[in-house]
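This report refers to the structure that appears directly beneath it.
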Amino acid sequence: ARAEPVVLRAITPWQVEYDMSQALLMFRDMVNERLAGKVEVRYLGGPEIADPGNQFDAMKNGVVDMVLTAAAYYRSEVPAAAAVMFTSKSPTDLRKSGYADIMRELHAQAGVEYLANTAGGKKYRLYFKTPIENPDFSGKSIRVSPVYLPLVRALGGTPVNVAPNELYTALERGVVQGYGWPETGIRELGLQEQTKYVLDTPFYSLDTALLMNKSVYDGLPDDVKEELQKISVEFESKVEEKIGALLQDENEHLRKEGLNFIRFSPEDEALFLKTAYEAGWNDFLAQNKTLIDANPGLVERLEVAGN
Amino acid sequence: MNRAYNTFLDICGGVSAILIAFCALAVSLDVILRFFGESLMWVFEVTELLLLYVTMLALPWLARERGHICVDVLVNNLSPANAARLDVCTNMAVAAICLLITWWGGLSTVDAYSRNLTNDGLVQYSLWISRIAIPFGFGLAAIEYLRLSAQSARKGVSK
Amino acid sequence: MSGIAILSLIFGGLVGLLVIGMPIAFAFATVTIVSIIFLQGWGAPLQSFVLSIDSGVTNFTLLPIALFVLMGELLWQSNIANKALSAIDKWFGRVPGRLSLLSVASGTAFSALSGSTLANTAMLGKMLLPEMKRKGYADGMSMGPIIASGGLAMLVPPSTLAVFYATIAHISIGALLIALILPGLLLACCYGAFIVISCWLNPALAPREESSDFNLKEALRELVIYILPLSVVVFSVVGVIFMGIATPTEAAALGCVSSLIMAFCYGGLSTRKLIDAGMGTVRITGMMLLIMAMAIGFSQILAYSGGGRELVGFVSTLSLQPLMLIGLMMLVVLVLGCFMEQIAIMLITLPIFVPLLKLIDADGVWFAVMMLINLEMSLMTPPFGMLLFVMKGVAPDGTSIGSIYRASLPYLAINGLVIALILFNPWIVTILPSIMK
Ligand code: NA
Ligand code: NA
C-alpha cells in the first residue's frame with residue numbers, strides 16, 4: 001500500500017477573494033498536481049483561523065505548516081524581512097540576483113523556510129479624499145501603517161492610527177483625508193467609495209512571501225524538497241504574470257468608480273520618490289541596527305542584489 | 001496574610017479602573033491635539049496594551065468577587081450540599097485551566113524577553129511587557145479559584 | 001472524524017460545562033484548550049492560544065465597551081441619569097411601560113452613536129435598570145427591551161460590522177448602511193408596540209407610580225435643568241463624530257470626559273461615588289473583555305476544525321427553491337450564531353452564500369440586512385448570547401441567567417418576525433437606497 005501524502009496546512013491573513021489568498025490557492029494546485037501522492041497542501045482559511053499578527057507564530061508553533069503573509073505581520077519576528085520593500089527589481093529578477101538567497105538566510109535564522117516572494121511587482125501608493133497638488137502634506141491627517149509612517153512624517157503630514165475596519169468611517173467623516181495602501185485591495189474594504197484621488201506614483205515593493213515551518217520542511221524527503229523549490233520558483237513568475245494583469249484591471253475598475261488618477265509635476269514626483277526611499281530605508285536601518293552591526297556587509301549585499 | 005492578599009487584589013482592581021480612566025483621557029487628548037494638527041501616535045498602541053492590562057488586572061479581583069458570570073440554572077436547583085460539591089469541582093477545573101494558561105503564557109513571555117522581540121505596531125515596545133500580563137492575571141486567578149474551592153469545600157462539610 | 005461531528009462534540013462540551021456552572025469565559029477556554037490538544041497537539045499550539053488571548057483584547061475597537069460603561073456609571077452615580085429620567089418621565093405621564101419605551105428610545109438613539117452592541121447594552125443597563133427594578137418592572141419589560149435595543153447598535157449606522165459584511169460580500173457599503181436605517185427603526189417600533197400592548201393588557205408588568213399632578217411650569221423647568229447635562233454629553237459624542245473630529249471609537253472617550261465634567265459641575269459626585277463608578281466599570285469591562293478574548297480562541301479552533309465550512313457546504317449542495325434556500329441560509333447563520341463570534345460567521349458563510357445568491361439572482365443588500373438582523377439575534381439567543389451575559393453583569397445580584405433568557409425571548413421572536421417581513425417585502429430595505437441615489 002502507498003503511504004499517505006504529507007498534509008501541509010496553509011493559511012493567509014486575508015479573505016479568500018484577495019489576490020494573495022488566490023495566489024496561495026494557485027500554489028496549492030501546483031503542488032497537489034506535481035507532488036500528487038507525496039504532498040498535499042490544504043488551504044484552511046484566512047483571518048478566522050488566526051489573527052493576522054499571529055499567523056507567523058501559528059506556523060512556527062505547528063498550528064499550521066505554511067503561511068502566505070506580509071513581512072509587516074511578522075515584523076516582530078524577522079524585522080529584516082522588510083528589506084524587500086526597498087528593492088527595485090521584480091521577484092523573478094531578485095531570484096536571479098541572489099536576493100532570494102539572502103531572504104532565505106534571514107528567515108532560516110528565525111526557524112522558517114522562505115519559499116517564494118509573492119509580491120509579483122505590486123507596489124504601494126497613497127489615496128486621498130481631498131485634492132492634493134504637491135508633496136507637502138502639512139495640515140493633512142493621513143492614516144498610516146508602519147510602511148508609510150516615515151514617508152508621511154518626512155512630508156509634514158499628521159500620521160493617524162486607525163483600525164482597518166474603521167478606516168471607511170474615518171474617511172467618510174473626514175477624520176483622515178488620505179491613507180496608504182497597496183495598489184490592489186482598497187476595494188476589499190470598500191474604501192473606493194470614500195476615495196477621490198489616487199496618487200499614481202507607486203513606491204516600494206510589496207513585502208508578501210510564502211513561508212513554511214522549517215522543521216516540517218526539513219522533515220520532507222530530499223526529492224520532495226527539491227521539487228518544492230522548483231515549484232516555488234515557477235510560482236513566483238506565475239504570480240508576477242497574474243499581478244501584472246490584475247493591476248491593469250484594478251486601475252480600470254477604480255477609474256470606472258470615478259476615482260481620479262493624479263500625478264505631481266516631474267520635479268515634485270522625483271522629490272516624492274526620493275523622500276519615500278530615503279525615509280523608509282533610514283527607518284529600516286534604524287530598526288535593524290543590532291542585526292546589521294552583527295553582520296557587516298549585509299546592507300551592501302541587500303543594496304547590490306536588490307537594485 | 002489573608003487580609004494582605006485581599007488588599008492586593010483590591011489594588012489590582014483599582015489599578016484596572018485607573019487605567020480605563022487614563023485611556024479615556026489619553027484618547028480625548030489625542031483627538032483634541034489632532035484638531036490642532038498634532039497627533040499622539042502612542043495613544044493607539046498604549047490604549048490597546050492597557051486594555052490587556054485592564055482585563056488581566058481585573059481577572060483575579062473579579063474571581064474573588066465571583067464576578068465572572070456563569071449559567072446558574074442547574075446550580076440553583078441543587079441541594080446546598082450538592083451545589084457546594086459541584087462548586088468545588090468546577091473551581092478546581094477552572095484553576096487547572098488557569099495554571100495551564102499561566103504556564104504557556106509564562107513561556108511565551110520568556111521567549112519574547114530572551115529574543116528581545118518588539119511589537120509590530122507604529123509605536124514599538126518590548127513584547128514581554130504585554131505578554132507578562134497574561135501569566136500574571138491567570139496565575140493569580142488560579143490561586144483565587146483554589147481558594148474558592150476550599151471555601152466551598154468547608155461550606156459543604158458544615159452543611 | 002468529520003468536521004460536523006467535531007462541531008457537535010465541541011458544542012456539546014461547551015453546553016455541558018456551562019450547565020454545571022463553570023464561568024462562561026473559562027468554559028470557552030476549557031473547550032478550546034481540549035480541542036487544541038486533540039486537533040493540533042499538546043505543546044506549542046497552546047502557546048499560540050495564549051497569543052490569541054493577547055491579540056483578542058489588545059484591540060482598539062474594543063475600547064468603547066470600557067468607555068461607554070464608564071460613561072453610564074458616571075451619569076448614574078452622579079444622579080444626572082435618574083434626574084433626567086424622572087424629568088422625561090413626567091412628560092410621558094400615562095403611557096403604559098414608559099421606562100421600557102424610554103429604554104427603546106434611548107437605545108435607538110445611542111445606536112446612532114456607537115457600533116458596539118455590548119457597550120450600548122451595558123450603558124443602558126447601568127442607567128435604566130436600577131430605576132426599573134425599583135419601580136417593580138417585570139423582567140420582560142426591563143431587561144428585555146434593554147437587551148433588544150442595545151443590539152440595534154450593530155444595525156443602525158455607524159456599524160463596523162455592516163461595513164465588514166459589505167466588504168466581504170462585495171456590495172456597496174454606503175447602500176447597505178442606508179438600507180439598514182429603516183429596518184433598524186422598524187425593529188425599534190415593533191419593540192415599542194410590543195411593550196405598549198403588553199403593559200396595556202397586563203398593567204402589573206410595569207407598575208405605574210401615583211403621579212402627582214402635572215405642573216407644566218415645574219416640568220419645563222426640570223426638563224431644562226436636568227436634560228441639559230445629558231444633552232452636553234450626547235452632543236460631545238455625536239457632535240465630534242459628525243463634525244469629523246473623531247472616529248466613533250474615539251468619541252466614546254470624549255463622552256466619558258464630558259460626563260465627568262458634568263458630574264463635577266452638578267456636584268453629584270463624591271469621592272465614594274467616583275470610586276464606585278470606577279469599580280463598577282471594571283466589574284463589567286473585565287468580565288466582558290475576558291469572555292471576548294476567550295470566545296475568539298474558541299471561534300478560531302472551530303474555524304480550524306472546518307465544521308462550519310462543512311455545514312455551509314452541505315446546505316449549498318441541496319438544490320432548493322430560492323426562498324427555501326434563503327430560509328435555510330438564515331437557519332445556518334442562526335445555528336452558528338448560537339456559539340460562534342459574528343465576524344467568524346461572516347468569514348465562513350459568506351464566501352459560499354454570495355455565489356449562491358448570485359445564482360438565484362437575489363439582491364445582495366436585501367440579504368445582507370436579513371443576515372445582519374439574524375446576527376444581531378445571535379447576540380441574544382440563549383445559551384451563549386453575549387448581550388445576555390452583559391445583562392447578567394449589570395443586573396443586581398441574584399438575577400438568574402434563566403430569567404434573562406426568558407426576558408429576551410419575546411424580542412427574539414420580534415426579530416424573527418421582522419426578518420420574515422423583510423423576506424416577503426424587500427422594499428423595506430430597497431426603498432431608502434433607491435431614493436438617496
Ligand atoms: Na450603530
Ligand atoms: Na451568540
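Just so it is clear, glycine is given a Cβ too, placed from its N, Cα and C backbone atoms.
Curation does not apply to TrEMBL; its annotations are automatic.
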Among ranges C:60-79, C:340-359, whichever one TrEMBL labels transmembrane segment: C:60-79
Contact between the transmembrane segment (C:365-391) and the transmembrane segment (C:251-269) (3 or more Cβ pairs under 8 Å, separation 6+): no
Segment-segment contact (the transmembrane segment (C:411-432); the transmembrane segment (C:6-39)) at 3 or more Cβ pairs under 8 Å: no
Residue numbers, six or more beyond the limits of the transmembrane segment (C:281-303), whose CB comes under 8 Å of its CB atoms: 7, 10, 14, 24-26, 28-29, 31-32, 35-36, 39, 49, 52-53, 56-57, 62, 65-66, 69-70, 73, 118, 122, 126, 309, 339-341, 344, 347-348, 386, 389-390, 393-394
Beyond the flanks of the transmembrane segment (C:60-79) by at least 6 residues, Cβ under 8 Å: 114-116, 118-120, 122-127, 130, 160, 230, 233, 248-249, 252-253, 255-256, 259-260, 262-263, 266, 268-269, 273-274, 276-278, 280-281, 284-285, 288-289, 292
Folded-back contacts onto the transmembrane segment (C:174-202), same chain, C-beta under 8 angstroms, at least six residues removed: 95-97, 100-101, 104-105, 107-108, 111, 140-141, 145, 148-149, 152, 155-159, 162-163, 165-166, 365-366, 368-369, 372-373, 410-411, 414-415, 417-418, 421-422, 428-433, 436
